[in-house]
């Protein structure tokens, strides 16, 4: 096992030990009432990622916040008048919010909630890798630390990655892609670009297997298969729709199918069911069941976000995201490059994990 794999394994284990505890309905209602009062008192708005606990997603909507992907969460915070953003998600999402909203206080229920893609792309090793291939344009996925973004030429989300890499390919540029090898491989195959892949992956999406998906499809032959491109190639090849979180949600709403097999984090079901309550959603099978599966289609770091630590941080202000000014300025350059690219082509930039 490599040093990076060791780090991911240890962090994953720690995350499972600190997952938010289950609450009784009475406890949940009490905490929600406290949080609603604190949000007003602290001039704060709650933004939650699609993969967080449905209780948090519902609370964000009830209190005038939003449920979205990480970039849309940050942009919502930029447009909202609140002076404090409470970000329910994982750390790189809080950093992205801070990069785009430097004048605001950005809090998270816990700063320990990270991501296997982030852990799997440490800036020192990644920078050395880039230096070894200095003739290549560096493209990084939004699911990375501020430090890795600062080393990049472009930041991309899964919904715009194909367009940007195709643009670079047409310009004759060779590319370094990081960190997700599956998404990178998908983009490479679709565009034909010369792409050198960093060896990273999402522990949730890597668990989906084509054999289990094929077996499930036999049980539900009329179901459309929706797959996030962070999944292995064999799973992606079985998809009726390959897309970002937002694109998969829109597919459930717009497609005529009554049943959908969904290969992404199960937290997304809250929004899918809200948008299309008449549709039947089926979890795509992971590599195992119960104690034998690694993620069981739910990110252990997302599960660290809960009502209790959310309430506690609104009181203590201790879990604040800090991005140093010089790092923020460097990380903003490739991020802004993506936003400008999107604006020039009048595209909607949504859909990192």
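Note that Cβ sites are derived from N, Cα and C of the backbone, with glycine treated the same way.
Going by what Swiss-Prot states, the iminosuccinate site holds 70, 141, 142, 143, 158, 228, 229, 230, 245, and the candidate of 49, 298 recorded there is 49. DSSP assigns residue 141 (iminosuccinate binding site) to a strand in the three-state reduction. DSSP assigns residue 49 (iminosuccinate binding site) to a strand in the three-state reduction. Rounded to a whole value, the Cα-Cα separation of residue 230 (iminosuccinate binding site) and residue 299 ([4Fe-4S] cluster binding site) is 13 Å. In this structure the alpha carbons, written CA, of residue 141 (iminosuccinate binding site) and residue 202 ([4Fe-4S] cluster binding site) are 12 Å apart.
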